[in-house]
Ligand code: DSN
């Protein structure tokens, strides 16, 4: 065991409880070790690896010890299918308390009339939302009426027939290569089977959403559901304009704010940029910029609340009550004034990172950022996203490759690297630190060459990874992860 010195205590990471948390984790690991020591070892190793790397994956963060500890309790042992006060199992009074608190914090934090805390993930939250919207808007004929016996046996042609018979089952969302998400109607996800999908993209010149074009496409396609939200678009969205488009074509307006929920909670996105007052249904994960446990959440207007409330068992398995408890703790944290400072720092740091890249001659999709994401086009370094991602990882910089608009290397190798600032901002990184991160990333990429035999292989100039590792170690030790946690 090595001791971590307390240099810059971060309230988010619970430095004031470090001693108690250290004892709690030490005890937990000892108990785990007595049953399966390899899991205890892997758990310790994961902490060490997270402490020693520059975590720049835009969808990751570090939850507080309070959030993490909440997940390790006997709420895990309880079945509680159903809804608050109306369960299919007995003795759910404490689960009711937990779920009601999570929903109350979510409603208060986001100003939503209704919140549903059960979804296990963002995909689940979106499925609950889609089903609720279909349920509210469409009189769906049963499978028997359609002459279909087993939904698992449906061919692609059967799906097509099913969608057509079920009426307007059209969904419009942002295209994958301009930053949309798989669950917004794309083939590898069930939403791509459920819906006739049409994408809207971004302007090829500016890389920005073009609302006039989206309106034009919506008028032509007439979607039942218009979805806004992204996982790799480095800009803000005008949700008021999107709602106007939805209203004009009679669509339900759904926003998937999984990536930027922390910026909404922290009031960085307000007015037209706050999705909640504009959307009929808003979904999110709780573990990205919101900094909670891994899970999902649905917010809705009264009109859709009844159908969303049927999420379990209609779409979801039994609720993870221990995770709902941790959601309540994380949402309570996000209601504290310090969360607003944190959210603003996420955006300021993203800008510093983007400026750091631009000042060193790198090309960014849309030319910059005004949220938590920076999308670097690595073709200017002569690399694919896959090569860049691997070379950065060798130097201890954890990112993920991502498509860029009209990507010449396709969705697997890609031509971009997506960076996000929520995690390192939690550690205490500031604008100067992010400028240094940009410098280190550019140093790695400038010293990386494709090896010419495949889009995955590359060589890096000798000494680069070691130099960058050493420089990162300085930044990381000045901003320790879980300061004071003696593990
Ligand atoms: N996997 C998440 C992300 O990285 O953006 C989205 O599902």
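For all residues, glycine too, the Cβ spot is worked out from N, Cα and C.
Automatic, uncurated: that is what TrEMBL annotation is.
When averaged over the domain 'Serine hydroxymethyltransferase-like' (33-136), pLDDT in the model lands at 97. Taken from TrEMBL, the feature domain 'Serine hydroxymethyltransferase-like' applies to 33-136 (among others).
According to TrEMBL, the feature domain 'Serine hydroxymethyltransferase-like' maps to 168-440 (among others).
Residues or ranges marked as (6S)-5,6,7,8-tetrahydrofolate binding site in TrEMBL: 176, 180, 181, 182, 302. There are 23 other Cβ atoms within 10 Å of the Cβ belonging to residue 181 ((6S)-5,6,7,8-tetrahydrofolate binding site).
In the three-state DSSP scheme, residue 287 (site 'Plays an important role in substrate specificity') is classed as coil. Cβ neighbours within 10 Å of residue 287 (site 'Plays an important role in substrate specificity'), excluding its own Cβ and spanning all shown chains: 25. Annotated site 'Plays an important role in substrate specificity' per TrEMBL: 287, in sequence order.
Sequence annotations record features per position, and here TrEMBL assigns N6-(pyridoxal phosphate)lysine to 288. Sequence-distant contacts (6 or more apart, same chain, Cβ under 8 Å) of residue 288 (N6-(pyridoxal phosphate)lysine) comprise 58, 59, 60, 61, 258, 259, 261, 262, 422.
Taking a C-beta cut-off of under 8 angstroms and a sequence separation of 6 or more, residue 180 ((6S)-5,6,7,8-tetrahydrofolate binding site) has the following same-chain neighbours: 173, 174, 186, 199, 229, 230, 231, 233. According to DSSP, residue 302 ((6S)-5,6,7,8-tetrahydrofolate binding site) sits within a helical segment. Comparing residue 176 ((6S)-5,6,7,8-tetrahydrofolate binding site) with residue 287 (site 'Plays an important role in substrate specificity'), their Cα atoms are 22 Å apart once rounded. Shown are the binding-site residues 176, 182; of these, the residue with the fewest other Cβ atoms within 10 Å is 182.
The Cβ neighbour count for residue 302 ((6S)-5,6,7,8-tetrahydrofolate binding site), using a 10 Å radius and every protein chain shown, is 8. Between the CA atoms of residue 302 ((6S)-5,6,7,8-tetrahydrofolate binding site) and residue 287 (site 'Plays an important role in substrate specificity') there is a gap of 26 Å.
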